[in-house]
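As written in TrEMBL, here are the features:
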DOMAIN    22-31  domain 'Uroporphyrinogen decarboxylase (URO-D)'
BINDING   27, 28, 29, 30, 31, 77, 154, 209, 327  substrate binding site
SITE      77  site 'Transition state stabilizer'
DOMAIN    142-158  domain 'Uroporphyrinogen decarboxylase (URO-D)'
Ligand code: CP3
């Protein structure tokens, strides 16, 4: 394998010295880019992009052609795992992801099994290998999966939800059924992420988008415990380097000490937490990733720059910060504003690393 030309992202995740603060953007390959929309039209659908290693490689590299980002992220989706379990993923135009067979009855839940990754999700590991080849060592490649709880939310609700009433009904009345789903999901995610690492992923992120909808004890029991199980089961070294693990719970700012204790290398922050206070709370335990409000990209370039300055100053001097959005970039974001963000982070962060 080619050696990395830019390893700033991996170094920051391990709190090793860097010349500047590295940046990548959640959902950096997506509908805000006209070139993404063009490739998606060629592929016919979003899943057409995900299941073709050629198209997945093309769209993964698109944001890197535009902006000097410090990492690439595999183009795929967290819902490929429940799809491989047989739930029947589909995307209804303008409605987001849905499942044909949501998990509601006990028999279906008891029948749930860890999918055979080499068979059902080979298109993902093939995409990882193809992207690594195309990157040719430019920047590291991030692999990812959903957290067991976030996957369960979509599996049980059958799609997105504003109240998670089926999930919460199960959590409060049949917790053993939810635990069964979470246990299968955790074992599936371990296999899935290890397969991505074996195929060439150089860091991995676990997206816990909905953990923040839980009470504190329920978060620990139904989300964090399973992410801890995953972290313990992951391959932590490949090609002679550590594979950093990033855990991101949207809305998890109140539980940072707990999240920092599960053995991950870095913790992702949404935009509602002060990153300086977060740093004081987690100490030397983990690096931090975040935490620009994605909707601040709707402000002027001058406003974007002052938000960047604010976040960099809040984190302060030294390594251990990977700049990112606190959640995915909007499909309505102006690509020029995303470019202004990347440029401002690179320029304004240098004094903090001197
Ligand atoms: O960051 C990247 O560029 C990598 C690709 C990526 C996608 N989804 C592509 C995608 C990643 C890391 C994800 C993760 C993901 N998917 C999460 C966790 C992160 C988060 O946003 O909270 C979740 C909850 C999903 C499930 C999912 N997939 C939803 C809710 C949607 C619809 C949202 C929307 O913007 O319409 C998707 C579809 C999806 N996944 C798109 C992309 C680029 C848009 C699909 C399209 O092109 O129409």
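Keep in mind that glycine also has a Cβ here, set from the backbone N, Cα and C atoms.
Please treat TrEMBL annotations as automatic predictions, because they have not gone through curation.
Annotated features, which come from TrEMBL, shown on the structure.
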residue : record                             : Cβ within 10 Å
27      : substrate binding site             : 18
29      : substrate binding site             : 24
31      : substrate binding site             : 15
77      : site 'Transition state stabilizer' : 19
154     : substrate binding site             : 27
327     : substrate binding site             : 22
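Residue 77 (site 'Transition state stabilizer') is 14 Å away from residue 31 (substrate binding site) when you measure Cα to Cα. Residue 154 (substrate binding site) falls within a helix when secondary structure is assigned with DSSP. Across the structure, residue 27 (substrate binding site) and residue 77 (site 'Transition state stabilizer') place their CA atoms 10 angstrom apart. Secondary structure by DSSP for the domain 'Uroporphyrinogen decarboxylase (URO-D)' (22-31): 0 helix, 1 strand, 9 coil. When the alpha carbons of residue 29 (substrate binding site) and residue 77 (site 'Transition state stabilizer') are compared, the span between them is 12 angstrom. Largest Cα-to-Cα span within the substrate-binding set 27, 28, 29, 30, 31, 77, 154, 209, 327: 22 Å. Taking the Cα atom of each, residue 154 (substrate binding site) and residue 77 (site 'Transition state stabilizer') are about 12 angstrom apart.
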